[in-house]
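*Asks:* Let me begin by handing over the structure; questions about it come next.
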Amino acid sequence: MLISNEWLKEYVTIDDSVSNLAERITRTGIEVDDLIDYTKDIKNLVVGFVKSKDKHPDADKLNVCQVDIGEDEPVQIVCGAPNVDAGQYVIVAKVGGRLPGGIKIKRAKLRGERSEGMICSLQEIGISSNYIPKSFESGIYVFSESQVPGTDALQALYLDDQVMEFDLTPNRADALSMIGTAYEVAALYNTKMTKPDTTSNELELSANDELTVTIENEDKVPYYSARVVHDVTIEPSPIWMQARLIKAGIRPINNVVDISNYVLLEYGQPLHMFDQDAIGSQQIVVRQANEGEKMTTLDDTERELLTSDIVITNGQTPIALAGVMGGDFSEVKEQTSNIVIEGAIFDPVSIRHTSRRLNLRSESSSRFEKGIATEFVDEAVDRACYLLQTYANGKVLKDRVSSGELGAFITPIDITADKINRTIGFDLSQNDIVTIFNQLGFDTEINDDVITVLVPSRRKDITIKEDLIEEVARIYGYDDIPSTLPVFDKVTSGQLTDRQYKTRMVKEVLEGAGLDQAITYSLVSKEDATAFSMQQRQTIDLLMPMSEAHASLRQSLLPHLIEAASYNVARKNKDVKLFEIGNVFFANGEGELPDQVEYLSGILTGDYVVNQWQGKKETVDFYLAKGVVDRVSEKLNLEFSYRRADIDGLHPGRTAEILLENKVVGFIGELHPTLAADNDLKRTYVFELNFDALMSVSVGYINYQPIPRFPGMSRDIALEVDQNIPAADLLSTIHAHGGNILKDTLVFDVYQGEHLEKGKKSIAIRLNYLDTEETLTDERVSKVQAEIEAALIEQGAVIR
């Protein structure tokens, strides 16, 4: 935002330099990125009056002009501008003068004719061609009003000024207007802010007799109003208004369009002006666009609309794309006589989506996207009516045609002086605090020690007590607050939360098992968005992704972990063991926030233990990966169970779901050979757990038991079973009949091949028995073992 000091003085008067003002504003939270001085590098620039113009005798494109510059005699200046003519008031750089770019003006002879100065264009005095009125793009600037020759040209152009360039954070949308900035400056200097005149002399004719307004969806358009002005005269706007627009980075067009832009900058409220006679009806209907509906915007581009777009229509045809750009056939033209002025509040999200999709970013859309101050909507329209009456000879119809509700102008927030003082560490009286709020333009109500601050709608960044505390500290002055030690009502020792503690334990376990922690992108390709997803819900896609590889939010951590493993293997790091704790995302219904769930995932490939002098290497397999998962469950004092499963992307015979309290909380398995080959990986094992689900289980206290004083006993059993029977089913049967002396079991061998029928496999299981109260006898163990074997035989197993 570019803030002209000359313009700012219209609302607030301060006795300070612009550089000091910029420094003070920066110290209170709004960064002044640059200070533009239009008088810099300019010297001896005056207003001149062209008394006569004659063709140069030796150059067709040059003219010899006699110019009155306020001295005893006119000076002769040779000028090549095509639009120079007698009777014009122009900008003249006198001999001895200086222009931007180090240009010095000297007496010269041009093709034999003396020239004592230079008639200047706006570009030559430092104005960007982007902001110069089109009528002066290729020639000198000509004043539209009479001037006094010899007076300071910069003053006549309202360019003897310095402009502050604000680098605003998104929360300070109030400073995107001159009035919002004036409130800030008035607060800093404890002075009054004067608002501009908005009162018009209205006709007896009512706008309600000529126009109706209807809103079809007030969720998208809470409020829409219109006023009507008749008999406007289209002509250039006054010099002072053009200068203010140029200094704000906007090109002047004509008085009607310029007034619309002027009020936008003044109030931060975007307006749109329609040619009333071109609308084609006496009704304005604001609705969402029909799918595939088309309209041509002011830039002569035909746009295809979506139902998410908001359009202003004449009851049938769109005449404007709400908050973004007007339509071509209702625009203000040179012949326009009657004007309809729009002031509205549109849904910020809808405007943002439309402007980004169509790549139509403008001063108006950026303000609608940040939210509009309800207190200024009608006031800005009234200001435009006043300016049209004053500078376009307009006749303002009485009454406002509107639909919807503006909403609250203020938001009350209660706070106490004690709360403020405890936070900033400095004692201010209640009266001092109220004074600061009043300086900001906030009304207050006091009830004992409670201050109710009535925050105006222009300050959308203030919603909670802490925001008010920040305002007090800002306006009082951060540099003026003394350094103090913080005061605490209650001092407690710092400690980790239960979740933080458990998370650290899990990381330590996994790192101790040889895994390295990875952190990967939350964004994946649309194809990978649902890969390995445990919920298979609708994906969350970006509207404008930077690349196809980062187009959707992930539903699993594994796609990027597989990519990381492949990346490492391709660079000769063939033994990869990674884990990640991160968020995945699942969409809910339209308009609802998605679910964000924390997952724990891992990937292992290559050798787990490399071949060393003291032992042989150990290659990663299913049981090793399962052992890593079991370490996690043991550390968290949880008991996992496993159930065979078929999961896309994993080996159909080497995959299991992980259950906790009979609920699926994850899975483990070998990466499908095809997928592994696509990523140049050998046998690779992965696991994924719903970490939130693990954290939500209450495990109570860990009970410690003494080391057994009596010896245990082990028995091995080999079972021939159908190859499709999971070992887990056999273990379940064993534990069901093992009584209280069977402590644990271990599958230590699985065999398929010679000496076995086709479709059969042999599973060897070790059974460990223990009685903590007495020594086990062989007879007692044999009895339990026999019961187990009988149950297994009944299940279809053959004891080998």
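Each position is counted from 1, following the chain as shown.
Cβ coordinates are placed from backbone N, Cα and C, and glycine is handled just like the others.
In case it helps, Swiss-Prot gives these features for our protein:
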| type | residues | note |
| --- | --- | --- |
| DOMAIN | 39-154 | domain 'tRNA-binding' |
| DOMAIN | 408-483 | domain 'B5' |
| BINDING | Asp461, Asp467, Glu470, Glu471 | Mg(2+) binding site |
| DOMAIN | 708-800 | domain 'FDX-ACB' |
*Asks:* Using all protein chains shown, find which of the binding-site residues Asp461, Asp467, Glu471 scores highest when you count other CB atoms within 10 A of its CB.
*Replies:* Glu471
*Asks:* What is the set of residues, excluding Asp461, Asp467, Glu470, Glu471, whose C-beta falls within 8 angstroms of the centroid of the C-beta atoms at the Mg(2+) site?
*Replies:* Arg459, Ile462, Glu466, Leu468, Ile469, Arg474
*Asks:* Would you identify the secondary structure of Glu471 (Mg(2+) binding site) according to DSSP, in three states?
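*Replies:* Looking at the DSSP assignment, Glu471 (Mg(2+) binding site) belongs to a helix.
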*Asks:* Can you break down the domain 'FDX-ACB' (708-800) into helix, strand and coil residue counts using DSSP?
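*Replies:* Its residues divide into 31 helix, 32 strand, 30 coil.
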*Asks:* Counting across all protein chains present, how many other Cβ atoms fall within 10 Å of the Cβ of Glu470 (Mg(2+) binding site)?
*Replies:* 16
